[in-house]
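Here is what TrEMBL records for this protein:
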- B:1-23: region 'Disordered' (REGION)
- B:11-20: compositional bias 'Basic and acidic residues' (COMPBIAS)
- B:52-74: transmembrane segment (TRANSMEM)
- B:122-322: domain 'ABC transmembrane type-1' (DOMAIN)
- B:126-151: transmembrane segment (TRANSMEM)
- B:157-177: transmembrane segment (TRANSMEM)
- B:189-208: transmembrane segment (TRANSMEM)
- B:228-246: transmembrane segment (TRANSMEM)
- B:253-278: transmembrane segment (TRANSMEM)
- B:301-325: transmembrane segment (TRANSMEM)
Amino acid sequence: MAEPLLSVRDLRVTFPTRRGVLTAVDGVSFDIMPGEILGVVGESGAGKSQTGAAIIGLLEPPGRIASGTIHLEGERIDRLSPDKLRRIRGRRIGAVFQDPLTSLNPLYTIGRQLTETMRTHLDLSEAQARDRAVALLGEVGIPAPADRLDAYPHQFSGGMRQRVVIALALCANPRLIIADEPTTALDVSIQAQITALLKRLCREHDTAVLLITHDMGVIAETADRVAVLYGGRLAEVGPVDAVVNRPLHPYTEGLMACIPTTHDRPPRLAQIEGSMPSLRAMPAGCAFHPRCPHAFNRCVAERPPLFDHPPSAAACWLWAPEGARAAPRERTAS
Amino acid sequence: MTEPGEIPLEAPREAPREAPLEAPGTRLGRLRATAWRAWDSDILYSFLRSPVTILAAVVALTLVAASLAAPMIAPTNPFALETVDLMAAFTPPVWMEGGSWDYVLGTDDQGRDLLSAILYGMRISLFVGVASVLFAMVLGVGLGLLAGYAGGWIDGLLMRIADVQISFPAILIALLIDGVARGLLPREVHHEVAIWVIIFAIGAPGWVQYARTVRGSTMVEKNREYVMAAHIMGVHPVVIALRHVLPNAMGPVLVIATIHLAIAVITEATLSFLGVGLPPTEPSLGTLIRIGNDFLFSGEWWITLFPGVALVLLVLSVNLLGDWLRDALNPKLR
Amino acid sequence: MSEEPRPGVILADDGTEVLVRLRGLTKHFDVSPPLLARLLEGKRRRVLKAVDGLDLDIARGRTTALVGESGCGKSTVARMLVTLYEPTAGDLVFEGSDIGRLRDRRALAPIRRRMQMIFQDPFASLNPRWRVGRIIAEPIRAHGLMDDAGAIRRRVSELLEHVGLRAHDADRFPHEFSGGQRQRLSIARALASSPHFLVCDEPTSALDVSVQAQILNLLRDLQRELGLTYLVITHDLAVVRFMADTIGVMYLGRLCEVAPADALFARPRHPYTRLLIETVPDLRAPDRDRKPMAGEVPSPLDPPPGCAFHTRCPWAAARCARERPALLPHGGPGAVACHAVEEGRLPAPGG
């Protein structure tokens, strides 16, 4: 097996507050292979954005990485100085965020933003950088890129702006892009354009993507593998098809069942009762046990580790190897 | 500049802690819940963490309490002519040669006890300050709410008046109002109403800041969905403005009022120092400083110094409280 | 719910009762620059045609949905319906009376009692300084439905329990609730005056999927129990599929297609509807190589002439750029505004 591009081990992100330390990400581990699209899905408060922010070193204070390791191409990057991290951002990890306006400086033309970013990270002359910027803008689907180079961000529509942001993320040829809800602020028809673009570019440039979103539909169509987060912890990770159609973790199962589709109209949607626990009231044992229809004693008492069950893995006692608990029970994966 | 360094990633949302001993429905239960909220609030927390603020609060409260209780704690009544002993004029403070325990801080040119004069003077200064702040606040909040809520030409007219008004220094307007009042009113009448003229003169220019702030937050609040919901129910627009919009637009007003109080006290002192403020029969701190100023170079420095110190302590402590309040109520600075 | 005498009941062709009838409903907003700028800089007056001649019937006891992307005017329709905006032109008939130009608060009061709205943002739709009990009782007090404080309190408790909360939640403040719970509070408030008609403006788009399912189920349960009529405004086709009996698809202030929900999803006729349905990523049957719809929604300030969709339509012809298509049945269930459908030159859906 090839060396993973990004390797996150036992990541813990904490926010010290006056009422105690909040653990936003709690022991999350995953790998991203070169060129792979890994979806990270979860509801608000699941810790998905914090995971992404921790990797690129953009945690908002007082948030910090309390423990765990992050390796990029074998090099440990979670203990780097802000200066070294800045050089990695843009050069080796690109970023695309939900609101394209916050990623673009409204005072500079997009051409200047692209060329400056390129020249910060790559050894290019001004003219070379400009040529490359025009090529990139064309590649992300901006019509008449040479003319648009001197336009300001506000002169673009929301969808076009997100394309510019993608061009910006790609401009130094990074090996990994972290995309945090890249389509959430866009209209349905534009969303599809942006995900298609992201997919095509990553294939062509052999760039891996960490795609953070709450939208399982986007994950299903875009990602190769998916990690499901719940309450700051990894609930399940595996190939998209397996996680969607044969979920292991009861939370994943509930999540997939409660998403309405355009194919049929059931009299009721399946629903997970209750809501995600708040970070300061995380239940003992498995974080999902108060809402879980299959919970038993061990779930209340002990936090489950990630159990391998190829092709996926789930942090659930139901999937503990035989003999790990007294009464193994039959499970039906829908 | 193209670093996505400024991008706020969603920080974990803090769920509020539930009040203990929940006794729903009863008056006591509500009271207890309110008390818990006050104790548990971020404002109290930030207060207790700032020693300077605590000191400022102690000083301000002591000064206010002392001036309120002046008739009870002051050794003499400086307004009662029969107690004034002209023979005791220019008595120095007690620790100097010729000082006496009868006049701890010494006496002025007419033999009035300085400590008593300061306590009574501060009372007048505070009264003028609080009254003019209240006047400016009621006027400003009312006009700001009207401008923001009604919009259109009413808004345009009020804001243009505000623009014109703010281009003149407040002290100039106060001098103008005072001068006009002196010119129009007969001498005895003016003497009677001098304090109200001063309150009006100091308060009138202050409305602009309240009006602008309240107008801004009103325009935000009036487009919120809870206001729309009230419209759909057919609630009268005036009722909506007063019950829904106003309470939610009042947040910054408290901060402005605190800082404005310090300014109003200083303005009053300035006017009185210039001799256009309160008559010498009702000496405020400013009047005392002016009287003392005449004797500063003849060696009786205490007549002007002690009222000056009292003024500085009062204004500084109120100002510090205002600064803290502004920071504490502004979530961005927290 | 008290049934009151309803004069002038409108019946649709298929015999169902029409609760709300819109005919040529139009809303234009004046977005001109200020007078001074127009005089000095010679800028022109500009009019935003947010809704431009909308015909729609909303059947009693059913769910009608308006779908479309941002700027299509669906929220403006909702706000005209609940009397927040006054229509520029056209008829808005609610339970037999034309309320479009009714502005008198007193005359509107009995109508407003019978319609309520549920909003998108559960964090902005409740007054943060009011206790829940007061918030939910607001419609009761506004319409003078009850005077006795005890009776109001009992009614509030009943409403809270009806939407799945506890009676003593009335003493808490909105910030003590999660997003889903707040949406329940919003629903409880909307039900307080026993309305017949609920306008739901993006009721779940601010919520997580697991909470969305709870709220959508609750809305459908309430409809069954109370015989409510819904107008659901949303951009989410999956939500529409679950909620709606009849669907109107809007594009730049106009209806492209109106059809019964099953027919619309099985055989979408307007090119925009087709592309929209094909565009939605599907969890169960992901199409990893789909071709997204090209182009972007043009500015509603400057909509294309003729059929507004012709700039993005793969089947557009010269006539589409010239002539505005009318919303006509063209032989199918529902109605569609498309020259290509009329001329029969569209390929079969899915092809």
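All positions are counted from 1 along the displayed chain.
Using the three backbone atoms N, Cα and C, a Cβ is placed for every residue, glycine included.
Heads up, TrEMBL stuff is auto-annotated, nobody curated it.
It is B:126-151 that, among the stretches B:126-151, B:253-278, B:301-325, forms the most Cβ pairs under 8 Å with the transmembrane segment (B:228-246). Counted as Cβ pairs under 8 Å, contacts with the transmembrane segment (B:157-177) are highest for B:189-208 among B:52-74, B:126-151, B:189-208, B:253-278, B:301-325. With a cut-off of 8 Å between Cβ atoms, the residues of this chain six or more beyond the transmembrane segment (B:253-278) that come close are 124-126, 128-130, 132-133, 136-137, 141, 170-171, 174-175, 178-179, 182, 194-195, 198, 201-203, 206, 209-210, 213-214, 284-287, 289-290, 293, 311, 314-316, 318-319, 321-323, 325-326, 329. For the transmembrane segment (B:301-325), the residues of the chain that approach it from at least six positions outside its boundaries are 46-47, 50, 52-53, 55-57, 59-60, 63, 92-93, 105-106, 108-109, 114-115, 117-118, 121-122, 125-126, 254-255, 258-259, 261-262, 265-266, 269, 285-286, 288-289, 291-293, 295, judged by C-beta separation under 8 angstroms.
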